[in-house]
Amino acid sequence: MFLMNMLCLIIPILLAMAFLTLVERKILGYMQLRKGPNIVGPYGLLQPIADAIKLFIKEPLRPLTSSKLMFTLAPMLAFSLALSMWIPMPMPHPLIHLNLGVLFILALSSLAVYSILWSGWASNSKYALIGALRAVAQTISYEVTLAIILLSTMMMNGSFTLSTLTTTQEHMWLIFPLWPLAMMWFISTLAETNRAPFDLTEGESELVSGFNVEYAAGPFALFFMAEYTNIIMMKALTTTLFLGALHNPLLPELFTANFVTKTLALTMAFLWIRASYPRFRYDQLMHLLWKSFLPLTLALCMLHVSLPTVSAGIPPHM
């Protein structure tokens, strides 16, 4: 039974990830006044399946000088971590009810750094190593702000359990009282998932394609799948944290439809940003975090910690 539950979680995620690649190519196409994929199947709907078949039947090449074990393990670790992050997500019921679901997600997203580092180091290529070091520095840096924003949000929630956020946001979405945090969270998730305009790790003019430059076929597909699964996961987490889900006692069936609609809208905003903005310079990226986001999030976190203490003695009618 537990295996069935796992499959019922993993298969829709993989389907969503496959069609997200098509949605991205369509959005980029229409924003550049062209059609995007429209040959394979009606309106190009079978394009992700064709891409998957092409990637998985190719021969996975491995550089002669690379470290065999790490080179093979890195993409597998990346993809398994990307799928594991979905375990505590309430949609509307999580796979496992974790008391500290938020910390679990944070810990796994920190572990994902190792897969990037291993792939860059094991490839034995200077481009891959520089790309990996950039990605690791960027991911670790933005983890700090993500953790502080999560801490402030959990102050409003009262616990680290994601399922209780639905009850917290019955009357009002948390995006309204926490809008500065929500904006910084959105930008930090862009940096966390290495997406434009923060895709410094794969600056084509400098690093060919970043840490996965030596990968081909199946292992490359695993990295690609991990990236897109992470994007959907981050947007699903954003929906849970800030946009609440529709909590209608008369129509509880609408929960999932509502959740999916909001997640899709946020994911399309991600893709829209990719089509609209140029890439940042690396020092600007770090300055944005350490000189702007970190002081702001720390100040707001202190505010959210002190407000309940300060207002504890005020009578309710005031």
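For all residues, glycine too, the Cβ spot is worked out from N, Cα and C.
Noted in Swiss-Prot for the protein shown:
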TRANSMEM  2-22  transmembrane segment
TRANSMEM  37-57  transmembrane segment
TRANSMEM  69-89  transmembrane segment
TRANSMEM  100-120  transmembrane segment
TRANSMEM  136-156  transmembrane segment
TRANSMEM  171-191  transmembrane segment
TRANSMEM  206-226  transmembrane segment
TRANSMEM  253-273  transmembrane segment
TRANSMEM  294-314  transmembrane segment
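It is 206-226 that, among the stretches 69-89, 136-156, 171-191, 206-226, 253-273, forms the most Cβ pairs under 8 Å with the transmembrane segment (37-57).
Residues 9-10, 13, 62-63, 95-98, 101-102, 104-105, 108-109, 111-112, 114-116, 118-119, 121-123, 162, 214-215, 218-220, 222-223, 225-227, 229-230, 233, 236-237, 240 of the same chain lie 6+ residues outside the transmembrane segment (69-89) yet bring a C-beta within less than 8 angstroms of a C-beta in it. For the transmembrane segment (206-226), same-chain residues at least 6 beyond its ends with a Cβ under 8 Å from one of its own Cβ atoms are 14, 17, 21, 52, 55-56, 58-63, 66, 71-72, 74-76, 78-79, 81-82, 112, 115-116, 119-120, 123-125, 127-128, 130-132, 134-135.
Just going by CB pairs under 8 A, the stretch in 2-22, 171-191, 253-273 that sits most against the transmembrane segment (294-314) is 171-191.
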